[in-house]
């Protein structure tokens, strides 16, 4: 039995598949190119070799940048979680003057051109003489990471059954103790998800790093940026693949955590 | 739990959760939460002050005296007007491309069997989740003089000399649209996914042609997704730095590029601040316009 094929559907399907292939192509190409044994970027690569990964992992410059990126991203995740949790709690549980304004303030870095935040912070950091310090970059990354944390935690707080907390209160727990022992453990998937999101937001950032780090201690994206200006050597493809794996893995875990949250 | 893909969750914006009908409102704490004080201090210092500082810097010279040189420079030099125009045009063209491509893909995906839709959604989410720098670098690898595309064309004898893709408007527009397309697909798809299919069946039942049902029932219902996606794509598009810097040439200078040059090369803080204020004003106006017809509550994860 043959189904009648609608020419309209056929066009829709082929155009969509083509677009989806274009979306994934660059990532696949970078992935494959990173295993080339040649000095040049060959596609498809004429063989298989891990030399560019070796070049990446044995170069102190790349390793410094990798370390900086991981440290900054981890600190950003921690700091954003603390601030983001407080904001989420205030937004969901309290009614006060200026609440709408607070939400606007916290969420606006998501859509504000990042370069504006970078320029403003650059002026501030030069004045405070903290340009290029780890702490200063963590604060900057937190500004852009907190919106994600707040989005995930508020959603989870709304669906949290507060009767659990009231039960704890009625059994004699202080408000703070009830939050610590009941609310926070129950929000674990959201907290984990928010933290991972903040980590990736910091790990992937280039604009703020470009303005606010020292050249001697760049983040991974900034080191890529510097190298791209000089050569297109396959080491960058290896580093890029590494970065992609870290981000995709991180956000895939977020999705898993969120799904667990819904089921639980 | 169904196997329905929850794209908003995958994309990091959890669907708004309906509050429990538990008389919650009455129980909300009406005091000002004191634990917000350190939070506000943090925002004042690392977000409020920098923004105010930009405004202030735009009307003072490096010595700290009042001056309007930055604005004068901008308004008297047509080249900067051209940059502003190019930035806006780039945003609009990118918006048009992503809208057409994004709507097509979202429409196709939403009609697919759910299992397939989830699998194919990875083609949207993996690029969405990877670093913008990496994705732009990838296009450099593909479109460069000795890049993948040129090598391919040369090997097959389709061209004799490599084509210079880098430094053209086409490369910048294409890469920018590529970068922003997932935002558009995800915005439209999440809205389409929430539309009740029975409405379409009802329209068909009442004698509407498939096209008429689409045009008068389905399409109007997807408007919130179109608006949210367009807003995000345009706002992000005019603020992009990496793509035009990496794939553009001297003729693809955007406002963010000029700002970076003023800071890093010209060391002209006043002018950098002026240009930042202008970019801020453009995005601010956009925001005001968008507020009128965009449901930010939904866009921002249902936080009330």
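Placed from the backbone N, Cα and C atoms, the Cβ positions cover glycine too.
Given the ranges B:34-59, B:190-215, the record in TrEMBL names B:34-59 as transmembrane segment. Annotated by TrEMBL as transmembrane segment, the relevant range among B:5-26, B:269-290 is B:269-290.
Within the same chain, the transmembrane segment (B:162-181) packs against the transmembrane segment (B:79-110): three or more Cβ pairs sit under 8 Å, each pair at least 6 residues apart. Sequence-distant contacts of the transmembrane segment (B:225-249), counting only residues of its own chain at least 6 positions beyond either end whose CB sits under 8 Å from a CB of the stretch, comprise 87-88, 90-92, 94-95, 98-99, 102-103, 106, 132-133, 136-137, 139-140, 143, 166-168, 171-172, 175-176, 179-180, 183-192, 255-257, 260, 279, 282-283, 286-287, 290, 293-295, 298-299. Counting C-beta pairs under 8 angstroms (sequence separation of 6 or more), the transmembrane segment (B:34-59) fails to reach the transmembrane segment (B:117-142), with fewer than 3 such pairs. Nonlocal intrachain contacts for the transmembrane segment (B:79-110), taken as residues 6+ away from its ends with a CB within less than 8 angstroms of a stretch CB, comprise 73, 117, 120-121, 124, 172-173, 176-177, 180-181, 183-185, 187-189, 192-193, 222, 225-226, 229-230, 233-234, 237-238, 244, 252-256, 258, 275, 278, 282.
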